[in-house]
Every structure is written in C-alpha cells, then in structure tokens.
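The structure under discussion appears below in the form of structure tokens.
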Amino acid sequence: MKAPIPHLILLYATFTQSLKVVTKRGSADGCTDWSIDIKKYQVLVGEPVRIKCALFYGYIRTNYSLAQSAGLSLMWYKSSGPGDFEEPIAFDGSRMSKEEDSIWFRPTLLQDSGLYACVIRNSTYCMKVSISLTVGENDTGLCYNSKMKYFEKAELSKSKEISCRDIEDFLLPTREPEILWYKECRTKTWRPSIVFKRDTLLIREVREDDIGNYTCELKYGGFVVRRTTELTVTAPLTDKPPKLLYPVESKLTIQETQLGDSANLTCRAFFGYSGDVSPLIYWMKGEKFIEDLDENRVWESDIRILKEHLGEQEVSISLIVDSVEEGDLGNYSCYVENGNGRRHASVLLHKRELMYTVELAGGLGAILLLLVCLVTIYKCYKIEIMLFYRNHFGAEELDGDNKDYDAYLSYTKVDPDQWNQETGEEERFALEILPDMLEKHYGYKLFIPDRDLIPTGTYIEDVARCVDQSKRLIIVMTPNYVVRRGWSIFELETRLRNMLVTGEIKVILIECSELRGIMNYQEVEALKHTIKLLTVIKWHGPKCNKLNSKFWKRLQYEMPFKRIEPITHEQALDVSEQGPFGELQTVSAISMAAATSTALATAHPDLRSTFHNTYHSQMRQKHYYRSYEYDVPPTGTLPLTSIGNQHTYCNIPMTLINGQRPQTKSSREQNPDEAHTNSAILPLLPRETSISSVIW
C-alpha cells in the first residue's frame, strides 16, 4: 500500500529540517563524514556481535524506516584503519549479514577487525560515519582479554551493581536470560549479601576483598557471549580537606642551613579519596608561587605518591634551593587543597650559627664510650689489673713491717682415715693444697699452728699472740670446721675478738662447697657480721685448684704484697743445716721429742723401750706440711706420767727450739742424763686442756 502524497511531503520536510541542526565535521565528494563514532565494539573471537549504524543513534533525528521511506539508501564499507581504502561489503547472508540498520556477525573472526562505515544517501544528500570493531582472543589461562574489560568503582561499605554490559541484542523480551557469574574466571560460592537480578550482580555492602574481575556468561543460540568487568574498591568519598603531616599545621617549623649549601624542604600530606581528582599540593613564598620567583635556583620537585590504599594517598613535594643565599632565607608555606578546603603550614629557612655541637657531642660520646669500656674491663678484670699493677709498681705494706708472718692459717685437722667421699676434696684442699700453693708457689710465710706453735703459756694466749704477729687471718671453712665450731677460739679470747671487731687484722674466709645446710652455719653468718675487714672467697671444688683459676688470683689479691721470689720447700734438713724456713722448724714435733726424751731419761728401762718404739712409729707417719724426725735418746730415768692425748707443755732448750743441735757431740754420743738435766715435764692446767687439739 502506497503512502499518501501529503504524508511523504511532510516526512521529507521533517527529515530535511533535522539535518539542518547537525554541524558538519567533514565533507568529501559532497558527503558529510562524521569520522569514527565514539562507541567501539570489542568482542572475543567466536562470539556473535551486531554493529549498528551510528547515524540513526545520535547524528540524525530519524530512524532507518523513515530514512528508507524518504528515499535514502544505506550502504556499508570496510577499511583497515583511518584513511585506508574503503571497499563495499559483500554480505554472504550466513556468517555476516545486513539486517536493517545493522551488520550481524555469527560468529566473529579475527580478520573481522577494522572500521565499518555506514553511508545514507540519495541523489542530493550524503552522510557517513565509521564504527570500530575489534576482535580479540582470551589471555592465556583466562576467560577474558584484559584489553576488552569494563571498569567499575565502588566505595567501601556501600552497595554496588555490576551489569552484564552490551547484551541487549542477545536478550529475548519474552524470556528471562540465564546468566552465569564468575570471579576471576572461577565459579564462586557467593555470600548472602550478594544478589543476582536479571542481568546485574548486586553487592549490598562492598568489602575490600570484593576487588577483582567479574565475568558474566550468556548463551545465545549456539554461541556464548561473555562480558568482564573489573571492580575497584575505594574508601568512602571524603568530606574533609587534606591533612598536613609535615610541616605541622599552626606551628612554625625552623630549618637551619648554611649559606652556599643546598636546602631541601619537604612537605607531606594525606589526601582522602576524592574521586578522580588528583591531589593538589604546592609551595609558596609569601604571596608568590615558586615558579613566579626570579631565582632559578629555587624550584619544586614533582609530586610523589608515598602510599596509596583504596584511593587514599600520602603524597609529598620538595622545595629545593640549590645554593642558599641571604635572599633565600625566610618563610615558605606548603599548601594542600581538595574540593572540601585548603590547609597550609610554614617553614622558616634560617641561617645556622657556627656551633660545634656535633663535634662536641661526638667527643663527649667517644669519651663516655671509652669510660664505659674501661669500667667494664675493670669490673671484669679488676683482680688481674690490680695484680699486674702491684707486681710492677706496688710497694710492700708498711703497717705490717712488725709482723712476722704473712698469714695465720686456721683450719680443722682431720685424719685422712676419717675423710669421706663428700668432704674428702674439701679436707685435702685445706690440709694439703692451700698451704702448699701459698708457701711453695707464691712464697708467703704462713703460720700453721700444727707446725709452728711454740707453747709459752696457755693455748688461747699462744694463738692470740701468733694471730697478732700475722698480717692476715685465713679461715678455711670446711664442713668439719663448721661442725666443730672451729671459730669459737676467736670468740673466747678477748684480744682475738677485739682484733676482728676493730679491724686490726684482715680476715680471709674461704668457704668450701655449700655450707648452708650444715649444723652451726647460723653462727658462721653471725661471725661474718662481727668481722670488720672480711673477704669471703668461694672454693668451688677441684676446678679451682688450677693455677690460673679466679680463686688463686682473688686469694693472691687479698694477701699482703711483698717482693719475694717463690721458694720451694724441701724435706726437713739436717740439724746442722739452715734452709729457707730454718726459723720455722716444727716446734710441736721437736718439743714433743724433747719432752719425751726428758721423761724417758729417768724411766724404767722396759717402759722406755716400749715408748721408744711407739713414738717412732707415730712420728714417721705422713705429715701434711713437713716431715721432721728426731732421734729420742734410748735411756732415761724419769717416769712417764704426763703423756696423754692432750697438749703437754714442757721446758725446751733454746738450741733445740731453734732447730739446732749441739756441735760438740752427736745426740748418739751424748749422755742422756746430761742432755736432759735441765728438762722436766710441766703438767697443764685443766682450763688449758679443755680446747680440742684438732682445731688450729
């Protein structure tokens, strides 16, 4: 049925009027060319696509039917790119076909990429526009091409809809589409807050882990259509101005510099998410921007993004002065801006006064470090340092010139047969190792009561006299010493106690092993508090017996110093010989021998013979310091009535006390009666025999 003539005239007038409102962008051969349309088609190889002639969708106010009724025809051309030769398209009607104002590809091939120009014309009018089609392949291992994605942004904690884009041509109006959604090309168990509506995916509350690539898949005929959208999550849109981090707002920051040096003023600020707006940060001097200053030596660096997270950024910009001059000194301000406001902070570039703060601080720091090192070395090696100094530069003690002995050794004498497994090492140390090391190796002159005590009065008075003649008092705290209360002698005698309390003598207390669980140890603690000058040295077992151990160094440090060569003790010398310890000849043994000889001089022959054998068998037992022998005269007439297990004091010839024998006759040639004419045994008082003879 033909349209009435008035209707055709009206349609043509309307179409002509609509063309007048469009501005020409190019004209060639009388045809208006609108170049390439803004809409670009991007599909994956194998997918169907419909390319519409853009002239009917934005360039002219008519559609394909009206244009065709007005006598205009639609032609399609293809070219490889802008300016290339355009050739008419021959439609085969199957894979590529022309349907009204569109071209259908079912499916697309890689060679279909290019520019498709649609032209509407008649004999007097022509208009043209080109449409871009890109056919690509999936990225390796993915279900999409990264150059063909759509992009969406969502704010944290807000809702967001992701649409399956450009699928209108594949939807049927009478049927709901069956769309599958993937994230990163994988099926996913979606949380309840994610809802699917027709061709959209709704996230009701966006989280940071929602960032990623979302792919929708739709089946169309025998083909599959996929669209991929990359979702970016940002922080909520800020409603605050930027925050200055340095320099601090409302506070003047002073930066010192020297003339001729370069200066660098750095401004840092935090910008909340403001959409696609770039952060605005800059420096000013007074009312001038830095680029407006006449000096080329002063310039701004580029804006640097230090940190970025969910669209929020920490940025910085530096103001550099290459060579500072007097005119460069002054106040500089850093400004930061966004759509919500502006902030600024100031820095005063100040000339530094000449001060040697760094040098002074470095010198003091070096001195302090040196002092710390010296103190540490002194704390760790105090004894070694003091011994070295004393051995090379020290002087002997003057206050001990009137003393005869370097130390008085107080110990508990225990027969080796009575040593047990637990205390054997302690007793051996006290009786053998300690005196042997002090005398033989270090050359000290010790007073050992069991060896050197010369009875002149009561036992306690003798001990007090000998302690008074010693520069040090060494108390060896072995378990037996504690059990037998060996220190009680220093509490009974007033003179001894006063010496300890007033500090007249320095006491060296050697503790062997752990003594706290031993009976009477509480009294030992009380004794420590009584002594004024006390040094406690721990002996930790056989490992302390080594010459280079801390124990011997500590003991040597506490002993008096004197320049003396170490001496070696030998066996007892002959009576006619004088050794290095001639003045220390054992008195207890000699005095016992003298007393015994005096008693036997007048004893009955049978008694004398019996005692002679017994005495010599005892005297030849091992002595722990020196061994002395004295041949007892075989004759005597004095009955033996006072010899017992207690101390026996006697009158001894002075030549015998000095360790000498008469030179005129040998002891074997001398008449026993003549040798002991002036000797007699003196009985002891009961109070003198009340002290145990094993404590010295």
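Each residue, glycine too, has its Cβ placed from N, Cα and C.
As annotated in Swiss-Prot, C185 shares a disulfide bond with C143, one of the listed residues C118, C126, C143. Looking up C126 in Swiss-Prot gives a disulphide bond whose other cysteine, out of C31, C267, C334, C373, is C31.
When you check Swiss-Prot, the disulphide partner of C53 from the set C118, C164 turns out to be C118. Cross-referencing C216, C267, C466 with Swiss-Prot gives C267 as the cysteine bonded to C334, criterion being a recorded disulfide. Summary: among the disulfide-bonded residues (C118, C143, C334), the fewest other C-beta atoms within 10 A of the C-beta are counted at C143.
The two recorded residues, N264 (N-linked glycosylation site) and C334 (disulfide bond), show a Cα separation of 13 Å. Cα to Cα, N122 (N-linked glycosylation site) and N213 (N-linked glycosylation site) are separated by 48 Å.
In the three-state DSSP scheme, C143 (disulfide bond) is classed as coil. Proximity note: of the listed recorded positions (C185, C216, C267, N331, C334), none has a CA within 10 Å of the CA of C31 (disulfide bond). Taking Cα separation as the measure, N213 (N-linked glycosylation site) is nearest to C185 of the recorded positions N138, C143, C164, C185.
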